[in-house]
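Attaching a single structure in structure tokens format; questions to follow.
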Ligand code: PAF
């Protein structure tokens, strides 16, 4: 069932009285990665709301916003093939931003300072703004996010903390193409050959994991940089090794801490990101 406004969705939910209401926020262009997150939510909750809303405030590049794939008809067909009590919520810009399309600013501390936070100014304020609003509108008990966007996942947990929402934030494993490339709506913008070449991101992450205790983080960063300089169609934005808890890039490893490697690169102009747990 599709709902275009919150009053109809609320009305329907009051009749259903779910014990556990799950929310899977998306910007549409659904792929198998999203479907796997929705399946995780269905396994946990008796009713799942999938929101589809391309959020203007989280795009720092207007071209990226206008290029973002919009495929509502196909998205609905894909959701309808899943089994479970799934409600689709496609709000208008006016419903999400009744006072104008502007971002709130949040203090996410170090979580928004590096990597995506460094290269996409204002992005996490936009994400925080839309999710705060969606959480207020839908009032879920649980909300599901892919760990491909690990920094976003960490920031949503912080947002729930800051705003005192009683919502459990659940991270779902990254779904990958057969060559290891993380599933992303942006993969639709790549040709078959480019998609093949883009496996380099995951190869670098896997290499980092395999060599984590053999090389210092700075050496690893140099090596990954050098791999990308020889790749004509690619531009590496960052390769970073950071503490999993505060997402501060690390220079010297500390025993007992957990680390992840993060990567962002343009493949023929399409921006791709990925990450991996190192220990
Ligand atoms: O990950 C996304 O698709 C978006 O950032 C989200 C969480 C739906 C907020 O617009």
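Each residue, glycine too, has its Cβ placed from N, Cα and C.
From TrEMBL, for reference:
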type     : residues                : note
BINDING  : 27-34, 146-149, 183-186 : ATP binding site
ACT_SITE : 34                      : active site, proton donor
BINDING  : 58, 152                 : (R)-pantoate binding site
BINDING  : 58                      : beta-alanine binding site
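Looking at the shown structure, can you explain where the listed features end up?
Under a cutoff of 8 A between CB atoms, and with a sequence separation of 6+ in the same chain, the neighbours of residue 31 (ATP binding site) are 175, 183, 184, 185, 187, 188.
Cβ neighbours of residue 34 (active site, proton donor) (same chain, under 8 Å, six or more residues apart in sequence): 24, 26, 146. According to DSSP, residue 34 (active site, proton donor) sits within a helical segment.
Counting only same-chain residues at least 6 apart in sequence, those with a Cβ under 8 Å from the Cβ of residue 58 ((R)-pantoate binding site) are 122, 123, 124, 126, 127, 130.
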Please name the residue among the binding-site residues 148, 183 whose C-beta has the most neighbouring C-beta atoms within 10 angstroms.
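Result of the Cβ crowding comparison: 148.
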Which recorded positions from the set 27, 29, 33, 34, 148 come near ligand 1, judged by a Cβ under 6 Å from any of its atoms?
27
Counting Cβ atoms within 10 Å across all protein chains shown, which of the binding-site residues 152, 185 comes out on top?
152
Could you list the residues of the same chain, at least six apart in sequence, whose Cβ is under 8 A from the Cβ of residue 27 (ATP binding site)?
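Residues satisfying the criterion: 52, 53, 54, 55, 68, 185.
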